Amino acid sequence: MAATLVSLALSILFISSSVNALSLNYYDKTCPHLESAVTDAVKYGIVNDKTVPAALLRMHFHDCFIRGCDASVLLDSKGNQTAEKDGPPNISLHAFYVIDNAKKAVEELCPGVVSCADILALAARDAVALVRGHTLGFAHCSSFENRIHNFNGSVDIDPSLKSTFAATLRSICPEHNKVRSAGTTLDSTTTAFDNAYYKLLLKGKSIFSSDEALLSTPKTKALVSKFASSQEEFDKAFVKSMIKMSSLAGGQEIRLDCRRVR
């Protein structure tokens, strides 16, 4: 299964910066050692921090769904201009140093050739090859407290949550929680890229309302059941979704420093 997952992950395409298409070999001639440089940076990050795979995957998602995959999420705030990364939805993004390290290594190999958007896409791909969206990572209390406290005018807890699971979440995130780091992992296999999250979703143990909503229609519920019962089917669907998301073309800027525009 591990070999299958790696081969699937490696089939994810990345953006070519100067054409409106996706390519596996865009940099083969201009920067032939690009992928190994990025992989080394990701491996180093994972050795020091097991949350790096989830962080890079989430970073790539957040980048692509704003104005396409343009690496705008990597830019730092400047003066009165607040950067994307400092906005409320992105404030918990981290592991930017992995991209910085990858970019530095790539610039030494082939200066001014590879876009930061492509480096981020490759890093996210490698993060999955080396370790499925919500199957990785951690959720802070603020992202799901609406389900376990004052859900609506008649009930305090979202009735779709299993009662024992809700009680556990409430113990971790009491009402008026002041601990910013408080929260919970998204499933029991926090550093493994597997289908455990879908199995928990069917058992009333989903963290986010957006995920619970997948059970609200026959079509999406069928997909949840399909992925919960077959990791292979989830792997295939995940690769397709990554390719589709990476097709959201963004800017074509080649920055020397991913944190600053040229």
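Backbone N, Cα and C atoms are what each Cβ position is placed from, and that goes for glycine too.
These figures come from a predicted structure and were not determined experimentally.
Summarising the environment of His62 (active site, proton acceptor), the number of other Cβ atoms within 10 Å of its Cβ, over all protein chains shown, is 17. According to TrEMBL, the feature active site, proton acceptor maps to His62.
Annotation comment: TrEMBL describes Asp63, Gly68, Asp70, Ser72, Glu84 as Ca(2+) 1 binding site. Residues near Glu84 (Ca(2+) 1 binding site) in space but far in sequence (CB under 8 A, at least 6 apart, same chain), listed by position: His62, Ile66, Ser72, Val73, Leu75, Asn90.
According to TrEMBL, the heme b binding site annotation covers His134.
Cβ contacts within 10 Å of Asp187 (Ca(2+) 2 binding site), excluding its own Cβ and spanning all protein chains shown: 23. Here TrEMBL flags Thr135, Asp187, Thr190, Asp194 as Ca(2+) 2 binding site.
A sphere of 10 angstroms centred on the C-beta of Cys110 (disulfide bond) encloses 15 other C-beta atoms. Residues annotated as disulfide bond in TrEMBL: Cys31-Cys110 (among others).
According to TrEMBL, the feature disulfide bond maps to Cys64-Cys69 (among others). Of all the Cβ atoms in the protein chains shown, 26 others lie within 10 Å of the Cβ of Cys69 (disulfide bond).
For Cys116-Cys258 (among others), the entry in TrEMBL reads disulfide bond. Every protein chain considered, the tally of other Cβ atoms within 10 Å of the Cβ of Cys258 (disulfide bond) stands at 21.
The Cβ of Cys141 (disulfide bond) has 20 other Cβ atoms within 10 Å, all protein chains considered. Under the heading disulfide bond, TrEMBL lists Cys141-Cys173 (among others).
Taken from TrEMBL, the feature domain 'Plant heme peroxidase family profile' applies to 21-262.
Among the features that TrEMBL reports, signal peptide is placed at 1-21.
Residues or ranges marked as site 'Transition state stabilizer' in TrEMBL: Arg58.
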Q | Sparsest-packed among the disulfide-bonded residues, when each Cβ's other Cβ atoms within 10 Å are tallied, from Cys31, Cys64, Cys116, Cys173 | A | Cys31
(Q) Within 10 Å of Asp70 (Ca(2+) 1 binding site) (Cα to Cα), which of the disulfide-bonded residues Cys31, Cys64, Cys116, Cys141 do you find? (A) Cys64, Cys116
Q. Tell me, how many other CB atoms lie within 10 A of the CB of Asp194 (Ca(2+) 2 binding site), whichever protein chain they belong to?
A. 19
**Q.** Those binding-site residues listed as Gly68, Asp70, and which of them has the most Cβ atoms within 10 Å of its own Cβ
**A.** Asp70
